[in-house]
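Student: Got a structure for you, written out below as C-alpha coordinates; questions coming shortly.
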(Lines of atoms letter the chains of each structure in order from A; the text may use other names.)
(Lines give C-alpha, C1' and ligand atoms only; values in the text may rest on other atoms or scores of the structure.)
Protein backbone atom coordinates (compact mmCIF):
# COMPACT_ATOMS: atom_id res chain seq x y z
CA UNK A 1 0.00 0.00 0.00
CA UNK A 2 1.31 3.40 -0.93
CA UNK A 3 2.14 5.41 2.18
CA UNK A 4 0.77 8.90 2.54
CA UNK A 5 1.92 11.77 4.65
CA UNK A 6 -0.16 12.47 7.76
CA UNK A 7 -1.72 15.50 6.07
CA UNK A 8 -3.23 13.18 3.44
CA UNK A 9 -3.94 9.99 5.40
CA UNK A 10 -7.58 9.18 6.06
CA UNK A 11 -8.52 6.83 8.90
CA UNK A 12 -11.98 5.56 9.81
CA UNK A 13 -12.35 4.53 13.46
CA UNK A 14 -15.33 2.42 14.50
CA UNK A 15 -16.23 2.37 18.19
CA UNK A 16 -18.35 -0.51 19.42
CA UNK A 17 -20.77 -0.12 22.30
CA UNK A 18 -18.50 -2.17 24.56
CA UNK A 19 -15.63 0.23 23.91
CA UNK A 20 -17.70 3.31 24.72
CA UNK A 21 -19.35 1.83 27.83
CA UNK A 22 -16.32 -0.07 29.19
CA UNK A 23 -18.46 -2.74 30.76
CA UNK A 24 -20.87 -0.28 32.37
CA UNK A 25 -24.56 0.21 31.47
CA UNK A 26 -23.92 3.72 30.11
CA UNK A 27 -21.46 5.75 28.05
CA UNK A 28 -18.19 5.91 29.96
CA UNK A 29 -17.42 9.61 29.74
CA UNK A 30 -13.94 9.28 31.27
CA UNK A 31 -12.95 6.75 28.62
CA UNK A 32 -14.48 8.85 25.85
CA UNK A 33 -12.41 11.80 27.07
CA UNK A 34 -9.30 9.69 26.52
CA UNK A 35 -10.52 8.61 23.07
CA UNK A 36 -11.13 12.21 22.02
CA UNK A 37 -7.71 13.25 23.33
CA UNK A 38 -6.08 10.79 20.93
CA UNK A 39 -8.29 11.78 18.01
CA UNK A 40 -7.63 15.46 18.67
CA UNK A 41 -3.89 14.78 18.67
CA UNK A 42 -4.08 13.02 15.31
CA UNK A 43 -6.37 15.73 13.92
CA UNK A 44 -3.81 18.35 14.91
CA UNK A 45 -1.08 16.26 13.24
CA UNK A 46 -3.01 16.50 9.98
CA UNK A 47 -4.81 13.17 9.78
CA UNK A 48 -8.27 13.10 8.19
CA UNK A 49 -10.51 11.23 10.65
CA UNK A 50 -13.98 9.73 10.45
CA UNK A 51 -15.80 8.25 13.45
CA UNK A 52 -18.37 5.48 13.09
CA UNK A 53 -20.02 5.24 16.48
CA UNK A 54 -22.24 2.72 18.17
CA UNK A 55 -23.70 3.32 21.61
CA UNK A 56 -27.03 5.02 20.87
CA UNK A 57 -29.15 2.26 22.37
CA UNK A 58 -26.96 2.02 25.47
CA UNK A 59 -27.16 5.80 25.90
CA UNK A 60 -30.93 5.73 25.46
CA UNK A 61 -31.38 2.89 27.91
CA UNK A 62 -29.40 4.79 30.56
CA UNK A 63 -31.15 8.10 29.87
CA UNK A 64 -34.56 6.43 30.37
CA UNK A 65 -33.33 4.78 33.58
CA UNK A 66 -33.24 1.27 32.11
CA UNK A 67 -36.91 0.77 31.28
CA UNK A 68 -38.32 -2.74 30.95
CA UNK A 69 -39.17 -3.02 27.28
CA UNK A 70 -40.27 -5.98 25.15
CA UNK A 71 -37.50 -7.45 22.96
CA UNK A 72 -38.88 -5.95 19.75
CA UNK A 73 -37.50 -3.88 16.90
CA UNK A 74 -39.69 -0.98 18.02
CA UNK A 75 -38.04 -1.07 21.45
CA UNK A 76 -34.59 -0.94 19.89
CA UNK A 77 -35.65 1.96 17.70
CA UNK A 78 -37.11 3.76 20.70
CA UNK A 79 -33.81 3.46 22.58
CA UNK A 80 -31.84 4.53 19.51
CA UNK A 81 -34.07 7.57 18.97
CA UNK A 82 -33.62 8.73 22.56
CA UNK A 83 -29.97 7.81 22.83
CA UNK A 84 -28.71 9.24 19.54
CA UNK A 85 -29.01 12.82 20.77
CA UNK A 86 -27.22 11.91 24.01
CA UNK A 87 -24.45 10.17 22.07
CA UNK A 88 -23.77 12.97 19.60
CA UNK A 89 -23.98 15.57 22.37
CA UNK A 90 -21.25 13.73 24.26
CA UNK A 91 -18.97 13.60 21.22
CA UNK A 92 -19.64 17.28 20.50
CA UNK A 93 -18.90 18.43 24.06
CA UNK A 94 -15.64 16.50 24.25
CA UNK A 95 -14.30 17.68 20.88
CA UNK A 96 -15.22 21.26 21.81
CA UNK A 97 -12.50 21.08 24.47
CA UNK A 98 -10.00 21.04 21.59
CA UNK A 99 -11.96 23.52 19.45
CA UNK A 100 -12.69 20.78 16.91
CA UNK A 101 -16.02 20.71 15.07
CA UNK A 102 -17.91 17.53 14.26
CA UNK A 103 -20.67 16.81 11.77
CA UNK A 104 -23.30 14.11 12.25
CA UNK A 105 -24.43 11.72 9.50
CA UNK A 106 -27.17 9.18 10.14
CA UNK A 107 -27.31 6.59 7.38
CA UNK A 108 -29.53 3.66 6.48
CA UNK A 109 -28.97 0.80 4.05
CA UNK A 110 -31.04 2.69 1.51
CA UNK A 111 -28.51 5.53 1.59
CA UNK A 112 -25.79 3.06 0.62
CA UNK A 113 -27.74 0.97 -1.88
CA UNK A 114 -29.29 3.90 -3.77
CA UNK A 115 -26.59 5.29 -6.07
CA UNK A 116 -27.77 8.91 -5.90
CA UNK A 117 -27.91 8.92 -2.11
CA UNK A 118 -24.61 7.05 -1.96
CA UNK A 119 -22.95 9.84 -3.93
CA UNK A 120 -24.60 12.52 -1.81
CA UNK A 121 -23.27 10.85 1.34
CA UNK A 122 -19.81 10.64 -0.21
CA UNK A 123 -19.86 14.30 -1.21
CA UNK A 124 -20.96 15.33 2.29
CA UNK A 125 -18.22 13.30 3.94
CA UNK A 126 -15.55 14.76 1.67
CA UNK A 127 -16.87 18.29 2.23
CA UNK A 128 -16.62 17.83 5.99
CA UNK A 129 -13.10 16.41 5.77
CA UNK A 130 -11.94 19.12 3.38
CA UNK A 131 -13.07 21.70 5.95
CA UNK A 132 -11.30 19.93 8.83
CA UNK A 133 -14.57 18.79 10.41
CA UNK A 134 -14.68 15.27 11.84
CA UNK A 135 -17.69 13.29 10.54
CA UNK A 136 -19.48 11.20 13.17
CA UNK A 137 -21.50 8.47 11.45
CA UNK A 138 -24.08 6.08 12.82
CA UNK A 139 -26.74 3.79 11.42
CA UNK A 140 -30.09 5.59 11.53
CA UNK A 141 -31.64 2.84 13.63
CA UNK A 142 -34.59 4.98 14.72
CA UNK A 143 -36.12 5.05 11.22
CA UNK A 144 -34.62 1.96 9.58
CA UNK A 145 -37.41 -0.20 8.16
CA UNK A 146 -35.32 -3.38 8.08
CA UNK A 147 -34.45 -5.31 11.20
CA UNK A 148 -31.41 -4.04 13.12
CA UNK A 149 -29.07 -6.90 12.34
CA UNK A 150 -25.92 -7.90 14.19
CA UNK A 151 -22.94 -5.85 13.12
CA UNK A 152 -24.61 -3.16 11.06
CA UNK A 153 -22.10 -0.57 12.23
CA UNK A 154 -19.17 -2.87 11.51
CA UNK A 155 -20.30 -3.22 7.91
CA UNK A 156 -21.28 0.45 7.80
CA UNK A 157 -17.77 1.44 8.87
CA UNK A 158 -16.30 -0.55 5.97
CA UNK A 159 -18.64 1.16 3.52
CA UNK A 160 -17.82 4.56 5.00
CA UNK A 161 -14.12 3.77 4.63
CA UNK A 162 -14.75 3.06 0.94
CA UNK A 163 -16.76 6.29 0.59
CA UNK A 164 -13.89 8.43 1.90
CA UNK A 165 -11.17 6.32 0.24
CA UNK A 166 -9.50 5.69 3.58
CA UNK A 167 -6.08 4.15 3.98
CA UNK A 168 -7.02 2.38 7.20
CA UNK A 169 -10.07 1.18 9.14
CA UNK A 170 -9.80 0.57 12.89
CA UNK A 171 -12.46 -1.65 14.47
CA UNK A 172 -12.15 -1.06 18.20
CA UNK A 173 -13.75 -3.64 20.47
CA UNK A 174 -13.54 -5.27 23.91
CA UNK A 175 -11.29 -8.02 22.53
CA UNK A 176 -7.53 -7.87 21.97
CA UNK A 177 -8.03 -8.89 18.35
CA UNK A 178 -8.77 -12.15 16.54
CA UNK A 179 -7.67 -15.30 18.38
CA UNK A 180 -7.21 -18.84 17.08
CA UNK A 181 -10.03 -19.87 19.44
CA UNK A 182 -12.45 -18.11 21.79
CA UNK A 183 -10.29 -16.57 24.56
CA UNK A 184 -13.33 -16.37 26.84
CA UNK A 185 -13.54 -20.17 26.78
CA UNK A 186 -9.94 -21.16 26.12
CA UNK A 187 -7.22 -19.47 28.23
CA UNK A 188 -4.60 -20.92 25.87
CA UNK A 189 -6.02 -19.06 22.86
CA UNK A 190 -3.39 -17.17 20.87
CA UNK A 191 -3.75 -13.79 19.20
CA UNK A 192 -3.41 -13.80 15.42
CA UNK A 193 -1.32 -10.68 14.65
CA UNK A 194 -1.72 -10.64 10.85
CA UNK A 195 -4.30 -12.07 8.46
CA UNK A 196 -3.28 -11.98 4.81
CA UNK A 197 -6.37 -13.77 3.51
CA UNK A 198 -9.83 -14.14 5.01
CA UNK A 199 -10.51 -17.85 4.59
CA UNK A 200 -13.36 -20.06 5.76
CA UNK A 201 -11.12 -21.07 8.66
CA UNK A 202 -10.71 -17.43 9.72
CA UNK A 203 -14.47 -16.97 9.56
CA UNK A 204 -15.10 -20.13 11.57
CA UNK A 205 -12.89 -19.06 14.49
CA UNK A 206 -14.41 -15.57 14.61
CA UNK A 207 -17.26 -16.75 16.83
CA UNK A 208 -20.76 -15.38 17.16
CA UNK A 209 -22.64 -12.46 18.63
CA UNK A 210 -21.44 -9.71 20.90
CA UNK A 211 -22.63 -8.11 24.12
CA UNK A 212 -26.18 -7.38 25.27
CA UNK A 213 -25.61 -3.63 25.16
CA UNK A 214 -24.73 -3.52 21.47
CA UNK A 215 -25.37 -5.50 18.31
CA UNK A 216 -21.85 -6.42 17.17
CA UNK A 217 -19.70 -9.55 17.24
CA UNK A 218 -16.30 -10.70 15.99
CA UNK A 219 -17.79 -12.47 12.97
CA UNK A 220 -19.28 -9.22 11.69
CA UNK A 221 -15.90 -7.53 12.09
CA UNK A 222 -14.38 -10.20 9.87
CA UNK A 223 -17.05 -9.46 7.27
CA UNK A 224 -16.29 -5.74 7.53
CA UNK A 225 -12.56 -6.44 7.19
CA UNK A 226 -13.28 -8.52 4.09
CA UNK A 227 -15.27 -5.69 2.50
CA UNK A 228 -12.61 -3.10 3.31
CA UNK A 229 -9.50 -5.09 2.37
CA UNK A 230 -11.02 -6.06 -0.98
CA UNK A 231 -11.29 -2.33 -1.62
CA UNK A 232 -7.65 -1.65 -0.76
CA UNK A 233 -8.18 -0.54 2.85
CA UNK A 234 -6.01 -2.01 5.59
CA UNK A 235 -8.18 -3.05 8.54
CA UNK A 236 -7.18 -3.56 12.17
CA UNK A 237 -9.25 -5.11 14.96
CA UNK A 238 -7.83 -3.76 18.21
CA UNK A 239 -8.68 -3.39 21.91
CA UNK A 240 -10.53 -0.16 22.55
CA UNK A 241 -9.48 -0.09 26.19
CA UNK A 242 -5.73 -0.17 25.51
CA UNK A 243 -3.99 3.05 26.47
CA UNK A 244 -3.29 5.32 23.48
CA UNK A 245 -4.43 2.61 21.07
CA UNK A 246 -5.68 4.94 18.30
CA UNK A 247 -2.62 7.19 18.20
CA UNK A 248 -0.27 4.21 18.42
CA UNK A 249 -2.03 2.44 15.53
CA UNK A 250 -1.86 5.59 13.41
CA UNK A 251 1.85 5.88 14.14
CA UNK A 252 2.48 2.33 12.97
CA UNK A 253 2.57 0.26 16.16
CA UNK A 254 1.49 -3.37 15.80
CA UNK A 255 -1.61 -3.86 17.96
CA UNK A 256 -4.44 -6.37 17.67
CA UNK A 257 -5.01 -8.16 14.37
CA UNK A 258 -4.11 -6.52 11.07
CA UNK A 259 -5.89 -7.57 7.88
CA UNK A 260 -3.72 -6.75 4.90
CA UNK A 261 -5.22 -5.35 1.70
CA UNK A 262 -6.41 -7.85 -0.91
CA UNK A 263 -6.05 -5.36 -3.77
CA UNK A 264 -5.11 -1.72 -4.13
CA UNK A 265 -7.78 0.96 -4.44
CA UNK A 266 -7.15 1.59 -8.14
CA UNK A 267 -7.43 -2.09 -9.03
CA UNK A 268 -10.59 -2.44 -6.95
CA UNK A 269 -12.17 0.55 -8.71
CA UNK A 270 -11.09 -0.75 -12.11
CA UNK A 271 -12.73 -4.08 -11.45
CA UNK A 272 -15.96 -2.37 -10.42
CA UNK A 273 -16.03 -0.01 -13.39
CA UNK A 274 -15.15 -2.73 -15.88
CA UNK A 275 -17.84 -5.02 -14.49
CA UNK A 276 -20.60 -2.41 -14.43
CA UNK A 277 -22.75 -2.10 -17.57
CA UNK A 278 -22.34 1.10 -19.57
CA UNK A 279 -25.43 3.30 -19.36
CA UNK A 280 -24.39 5.90 -21.92
CA UNK A 281 -21.65 7.58 -23.94
CA UNK A 282 -20.09 11.03 -23.60
CA UNK A 283 -18.29 12.21 -26.73
CA UNK A 284 -15.59 14.76 -25.93
CA UNK A 285 -13.54 17.31 -27.87
CA UNK A 286 -9.78 17.27 -28.44
CA UNK A 287 -9.07 19.55 -25.50
CA UNK A 288 -10.90 17.28 -23.08
CA UNK A 289 -9.17 14.24 -24.58
CA UNK A 290 -5.77 15.81 -23.97
CA UNK A 291 -6.76 16.82 -20.43
CA UNK A 292 -7.76 13.25 -19.58
CA UNK A 293 -4.94 11.36 -21.30
CA UNK A 294 -1.99 13.72 -20.97
CA UNK A 295 -2.76 15.87 -17.94
CA UNK A 296 -4.69 13.27 -15.89
CA UNK A 297 -7.49 15.76 -15.25
CA UNK A 298 -11.24 15.51 -14.68
CA UNK A 299 -13.79 15.89 -17.47
CA UNK A 300 -15.46 19.31 -17.50
CA UNK A 301 -18.89 19.97 -19.04
CA UNK A 302 -17.23 22.33 -21.53
CA UNK A 303 -15.41 19.40 -23.13
CA UNK A 304 -18.55 17.36 -23.87
CA UNK A 305 -19.85 17.62 -27.44
CA UNK A 306 -22.48 14.84 -27.50
CA UNK A 307 -24.42 12.63 -25.08
CA UNK A 308 -25.97 9.25 -25.86
CA UNK A 309 -28.34 7.34 -23.61
CA UNK A 310 -30.25 8.17 -20.46
CA UNK A 311 -28.47 7.58 -17.18
CA UNK A 312 -28.58 8.53 -13.54
CA UNK A 313 -25.91 10.28 -11.54
CA UNK A 314 -23.21 7.77 -10.67
CA UNK A 315 -23.97 5.18 -13.37
CA UNK A 316 -21.03 4.12 -15.52
CA UNK A 317 -20.64 5.76 -18.95
CA UNK A 318 -18.08 5.50 -21.73
CA UNK A 319 -15.96 8.51 -22.62
CA UNK A 320 -15.42 8.58 -26.38
CA UNK A 321 -13.32 10.74 -28.71
CA UNK A 322 -14.75 12.40 -31.80
CA UNK A 323 -12.88 9.74 -33.79
CA UNK A 324 -15.02 7.07 -32.10
CA UNK A 325 -12.39 5.65 -29.73
CA UNK A 326 -13.42 4.82 -26.16
CA UNK A 327 -10.65 6.15 -23.93
CA UNK A 328 -12.17 5.92 -20.44
CA UNK A 329 -15.01 4.79 -18.21
CA UNK A 330 -16.43 7.06 -15.56
CA UNK A 331 -19.26 7.89 -13.17
CA UNK A 332 -20.77 11.31 -13.95
CA UNK A 333 -21.76 13.66 -11.15
CA UNK A 334 -24.83 14.73 -13.13
CA UNK A 335 -27.54 12.67 -14.81
CA UNK A 336 -28.03 12.71 -18.56
CA UNK A 337 -30.80 15.32 -18.48
CA UNK A 338 -28.56 17.75 -16.58
CA UNK A 339 -25.56 17.05 -18.81
CA UNK A 340 -27.64 17.81 -21.92
CA UNK A 341 -28.18 21.29 -20.48
CA UNK A 342 -24.59 22.00 -19.42
CA UNK A 343 -22.59 20.25 -22.16
CA UNK A 344 -20.24 22.69 -23.83
CA UNK A 345 -20.82 25.24 -21.06
CA UNK A 346 -18.33 26.71 -18.60
CA UNK A 347 -18.36 25.22 -15.12
CA UNK A 348 -19.00 28.60 -13.53
CA UNK A 349 -22.43 28.64 -15.22
CA UNK A 350 -23.65 25.24 -13.95
CA UNK A 351 -25.65 26.56 -11.02
CA UNK A 352 -27.17 29.34 -13.13
CA UNK A 353 -28.33 26.80 -15.72
CA UNK A 354 -29.49 23.98 -13.43
CA UNK A 355 -30.37 25.85 -10.25
CA UNK A 356 -27.99 23.59 -8.31
CA UNK A 357 -24.55 22.05 -8.68
CA UNK A 358 -22.65 18.95 -7.61
CA UNK A 359 -19.30 20.52 -8.32
CA UNK A 360 -17.52 21.95 -11.34
CA UNK A 361 -16.72 18.68 -13.12
CA UNK A 362 -18.84 16.29 -15.16
CA UNK A 363 -16.72 13.30 -14.13
CA UNK A 364 -14.09 13.61 -11.43
CA UNK A 365 -10.72 12.02 -12.07
CA UNK A 366 -11.19 9.81 -9.00
CA UNK A 367 -14.34 8.38 -10.62
CA UNK A 368 -12.65 7.62 -13.94
CA UNK A 369 -10.54 4.79 -15.36
CA UNK A 370 -8.50 5.41 -18.52
CA UNK A 371 -8.69 2.48 -20.96
CA UNK A 372 -6.05 3.36 -23.52
CA UNK A 373 -3.34 5.96 -23.60
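Cβ atoms here come from the backbone N, Cα and C positions, even for glycine.
Found this in Swiss-Prot, in case it helps:
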| type | residues | note |
| --- | --- | --- |
| BINDING | 14, 173, 174, 215, 216, 217, 218, 219, 220, 221 | ATP binding site |
| BINDING | 54, 141, 153 | substrate binding site |
| DOMAIN | 279-357 | domain 'PUA' |
Student: Quick check on the domain 'PUA' (279-357): DSSP residue counts for helix, strand, coil, in that order please.
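Tutor: Grouping H, G, I as helix and E, B as strand yields 26 helix, 20 strand, 33 coil.
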Student: Going by a 10 angstroms cut-off between Cβ atoms, which of the binding-site residues 54, 153, 220 has the sparsest surroundings?
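Tutor: Counting other Cβ atoms within 10 Å of each of the binding-site residues 54, 153, 220, the minimum falls on 220.
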Student: Go through the binding-site residues 14, 218, 220 and tell me which ones have a CA within 10 A of the CA of residue 54 (substrate binding site).
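Tutor: Checking Cα-Cα distances against residue 54 (substrate binding site), the binding-site residues within 10 Å turn out to be 14.
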Student: Whole-number Å distance between the CA of residue 174 (ATP binding site) and the CA of residue 153 (substrate binding site)?
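Tutor: Cα to Cα, residue 174 (ATP binding site) and residue 153 (substrate binding site) are separated by 15 Å.
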Student: Mean pLDDT, the domain 'PUA' (279-357)?
Tutor: 95
